[in-house]
Amino acid sequence: MACGLVASNLNLKPGECLRVRGEVAADAKSFSLNLGKDDNNLCLHFNPRFNAHGDINTIVCNSKDGGAWGAEQRETAFPFQPGSVAEVCISFNQTDLTIKLPDGYEFKFPNRLNLEAINYLSAGGDFKIKCVAFE
């Protein structure tokens, strides 16, 4: 998946929220948001799949520790629409990350790396970022 935005030295602390808003491509197959320490140490790989890798309208989440992927977690809540604007809010603490989807639905993903700060963000695929905010 081609990488678009990459940001480092974010110093996002527990309890703070990262809000990402962007445009989903009209012909979207999938996109991803990655958060963590760096590209090889991700506490969250957030990957909405419209029709990719055998998944249809499914959000796949994972982590990467030292370059090794963990076990995938799938969410069937899928409020994303091709050709629309979408916003995702992500916050975290020592035990898990909370992902709030555009329709208000929230789910949790374990903080497997036990990160105390998130310093890295990357985005790729069929999603054009318009705004990144820290709250």
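Each residue, glycine too, has its Cβ placed from N, Cα and C.
If you check Swiss-Prot, you get these features:
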type	residues	note
BINDING	HIS45, PHE46, ASN47, PRO48, ARG49, HIS53, ASN62, TRP69, GLY70, ALA71, GLU72	beta-D-galactoside binding site
DOMAIN	4-135	domain 'Galectin'
MOD_RES	ALA2	N-acetylalanine
MOD_RES	LYS13	N6-acetyllysine
MOD_RES	LYS29	N6-acetyllysine
MOD_RES	SER30	phosphoserine
MOD_RES	LYS108	N6-succinyllysine
MOD_RES	LYS108	N6-acetyllysine
MOD_RES	LYS128	N6-acetyllysine
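In the three-state DSSP classification, ARG49 (beta-D-galactoside binding site) falls within a strand. Mapped onto three states, the DSSP output places ASN62 (beta-D-galactoside binding site) in strand. With ASN62 (beta-D-galactoside binding site) as the anchor, the candidate modified residues are LYS13, LYS29, LYS108, and the one with the nearest CA is LYS108.
If you take every residue in the domain 'Galectin' (4-135) and average the pLDDT, you get 96. Among the residues the record lists as binding beta-D-galactoside, namely HIS45, PHE46, ASN47, PRO48, ARG49, HIS53, ASN62, TRP69, GLY70, ALA71, GLU72, the two farthest apart have Cα atoms separated by 18 Å. On the backbone, the CA of LYS128 (N6-acetyllysine) and the CA of GLU72 (beta-D-galactoside binding site) stand 24 Å apart. DSSP assigns LYS29 (N6-acetyllysine) to coil in the three-state reduction, outside any helix or strand. Here GLY70 (beta-D-galactoside binding site) is compared against the modified residues LYS13, LYS29, SER30, LYS108, and the shortest C-alpha distance is to LYS108. Sorting each residue of the domain 'Galectin' (4-135) by its DSSP state yields 0 helix, 88 strand, 44 coil. Across the fold, the C-alpha of LYS13 (N6-acetyllysine) and the C-alpha of LYS29 (N6-acetyllysine) stand 32 Å from each other.
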